[in-house]
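Residues or ranges marked as domain 'K+ potassium transporter integral membrane' by TrEMBL: 2-219. The annotation domain 'K+ potassium transporter C-terminal' is assigned in TrEMBL to 232-473. Residues or ranges marked as signal peptide by TrEMBL: 1-21. According to TrEMBL, the feature transmembrane segment maps to 45-74, 95-115, 121-146, 153-174, 180-198, 250-271.
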């Protein structure tokens, strides 16, 4: 693009503008139709067709630039979520946004029907073009100063040279505001308000989630039953927090008389790569002690991955990755325990009691995942009964019995089914807030949230498997 603009586009534009200026000097009355009047009669129709094709190319460039700007604003959390379609597996920036495409088409029809004159449209285009030039010069100056770390004198010379010329152009086009130049200013003001309101409300909501997230001490006080009955099954709770336990989980504990035996906090993230391999899609981490059955899962999707995949496929992949995580965790713990024992042996062999050490290791292997240190009348531990009750096909001689018990409990939860725990959050301003904040949060931001694209849990899940709990965030 740089070579084409420097060697082809710029010389042609320079010659065209110089020729139009020379024609105006000889025929000053042709200012309204200078482009077509300066063309010889024999070349009028070829130039007309070429100009129409150039206008189509320019419109496509403007549409693509709009898609790119909207996508970057969404990535920064400054614009409501919209559906983005990536049309290429190789080029990340080749995207299509249906809502913006329809919006541009409708606005083009409205603008043409209102103005009904190319003069007013040209005035609007002139202000928009000069505004883009000023913004570009400002951003380049900031990049030169902060990123390139150019000499301060050169940094000051750049806006003085280019900015002075652009300000002259701006002073010339500002006189056309009443004659159509108000259009880009109005559009810019509307989009600025939408972006500011969305970013303002999203930041307040995220701060509220971080501030109100459940502490681990609170869960430890509840115990492994989490203050309620644990029933077989896997509950997938969707949230946006990568760390910590979301407050919506506490709302589920307060609203439900029973909670699933296995809880997975699912956080979906989109990464700037075409596709994420299946073995790298899920990242697991345990939340709390083993007998709590709680895990954190970060699910990563590329921009060409199918995000509305069948829920059975998603569940199978998630369970397979969870089993791999449990086995890897058990291997790491065993390796760490062996290293620790070898270090103790090297320090002092005589100080260790072989019988006590052996009994400790045997007892640790016999403790299952969901153990309760209660003994029946015969004096047999319930954990030992559970461990001995495991089928021989599940128990392996070279593996930790607690791991096998955890895997068997996971398989039992899988057989009971999956439940998708979703939060229907409502963001409201506090009663003591100012009137303007209440207006922005309770009405404008709420309107944007109701009409934007659904969040992370937008998957093809049957309604019978979905459980929603409402929650109000006071910001």
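Cβ atoms here come from the backbone N, Cα and C positions, even for glycine.
Residues 73, 77-80, 111, 115, 119-124, 126-128, 131, 173-174, 440, 444-445, 448 of the same chain lie 6 or more positions beyond the ends of the transmembrane segment (180-198) yet place their CB under 8 Å from a CB of it. Long-range contacts of the transmembrane segment (121-146) within its own chain (CB-CB distance under 8 A, at least 6 residues past either end) are made by residues 111-112, 115, 152, 154-155, 158-159, 162-163, 166-167, 169-170, 173-174, 176-177, 179-185, 188. Counting same-chain residues at least six beyond the ends of the transmembrane segment (153-174), those with a Cβ under 8 angstroms from any Cβ of the stretch are 123, 126-127, 130-131, 133-134, 137-138, 140-141, 144-145, 181. If one looks beyond the transmembrane segment (45-74) by at least 6 residues along the same chain, the residues whose Cβ comes under 8 Å of a Cβ in the stretch are 35-36, 39, 80-82, 84, 93, 95-97, 100-101, 104, 195.
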